[in-house]
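J.: Right, I'll just put the structure down here and ask away after.
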Amino acid sequence: MKHTGTVSTMGAEGRTSAPTTRTVQTKNPINRAPHSKPPFTISDIRKAIPPHCFKKSLLRSFSYLVHDLTLVFLFYYIATTYFHLLPSPYNYLAWPIYWILQGCVFLGVWVIAHECGHHAFSDYQWVNDTVGLVIHSALMVPYFSWKYSHRRHHSNSGSIEHDEVFVPKPKSEIEWYYKYLNNSPGRVITLAVTLVLGWPLYLAINASGRQYDRFASHYDPYSPIYNARERLQIYISDVGVIVTIYVLYHSALAKGLAWLICIYVLPLLILNGIIVFITYLHHTHTSLPHYDSSEWDSLRGALATVDRDYGVLNKVFHNITDTHVAHHLFSTMPHYHAVEATEAMKPILGEYYQFDGTPVYKAMWREAKECLYVERGEEIKGVFWYKNKL
């Protein structure tokens, strides 16, 4: 996924990254990516990356978390202390700015919890799971539940049959009403609903997720997503979310529902929308192949994603946006080494590295228009490409 930033404070020591020429397009980004077996291995890629990029620093990881939480509390303090003093209409303009800024910083915090799930935060699993559980629960995410399904997404990325999320459908499985939404007003409605409801619906009912033979939910310990060994931790995830709901309920009783909506709920909706926006654009692109079991392998699956440029927000989102290819290849790598690693591996990957510098708002519209379903390729039957003719 891609993440962006709000302020220049991300330029503190230890938070800068090497300059990159990634925004310079060297090829048409919508041309199909290579889909044959690569002439390199995952070991070749790893050897091209400086060894220190794989090392985790507990102190440095916590510094990013403290930095992000400081911004969260700073925005909260400004909103609750000064907004009511502003004359109209400035007081009404200030709140949307707060929601957007806080939502973006929430995403930075969310990314750190996401790294905990990948054991990229530290070398200590108990630290990773403790920090991840607390942070994700506070953002209404069942930590272990999503950790396990997301890990399976990484293990099966690009697979038509086994990937966990944003699995494209063949034309025969497209719902009948899609033809009525395949126009500009329909796409606006579809995108709005997807951005607002996509993330909570995925967690609750596995919307846009892999098809199972029965109902699947991230909140259900007996969901087909999980095995018996994981069941206890799904319960723990649910308890974490319930505790957050309990705290929010009492906050609403003490401060009022309007206060809770303005301070927490609306920034959370911004966060949820950005999660869907970023994830969709990472895995939905006309250039990207998908594979069935006759062609899929883990390396080609990991390469079936695309890096995007979100400008200053790349830093706020801890570069999950412009280093997503590296993240899929080496998910335990800390985010603060991902830019350097991406630059180091690009000569090895060559045309197998996919980057699209199209402004993301234009890219979202283009992908929503062009990527409706997938069909088998004409040359290799186990490779699928996006189509849009209904």
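Glycine residues also receive a Cβ, built from the backbone N, Cα and C atoms like all the rest.
From a predicted model like this one, the values you see are computed outputs, not experimental measurements.
Sharing the record's features from TrEMBL:
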COMPBIAS  17-29  compositional bias 'Polar residues'
DOMAIN    28-73  domain 'Fatty acid desaturase N-terminal'
DOMAIN    94-354  domain 'Fatty acid desaturase'
REGION    1-30  region 'Disordered'
TRANSMEM  64-85  transmembrane segment
TRANSMEM  97-114  transmembrane segment
TRANSMEM  126-146  transmembrane segment
TRANSMEM  186-205  transmembrane segment
TRANSMEM  232-251  transmembrane segment
TRANSMEM  257-281  transmembrane segment
J.: Would you kindly check 97-114, 186-205, 232-251 and say which stretch has the most C-beta pairs under 8 angstroms to the transmembrane segment (126-146)?
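T.: It is 232-251, which has the most Cβ pairs under 8 Å.
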J.: For the transmembrane segment (232-251), what are the same-chain contacts with Cβ under 8 Å, counting residues 6+ beyond its ends?
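T.: Cβ under 8 Å, 6 or more out: 133-134, 136-138, 140-146, 148, 218-221, 223, 226, 259-260, 264.
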J.: By DSSP, what is the split of the domain 'Fatty acid desaturase N-terminal' (28-73) into helix, strand and coil residues?
T.: 27 helix, 0 strand, 19 coil
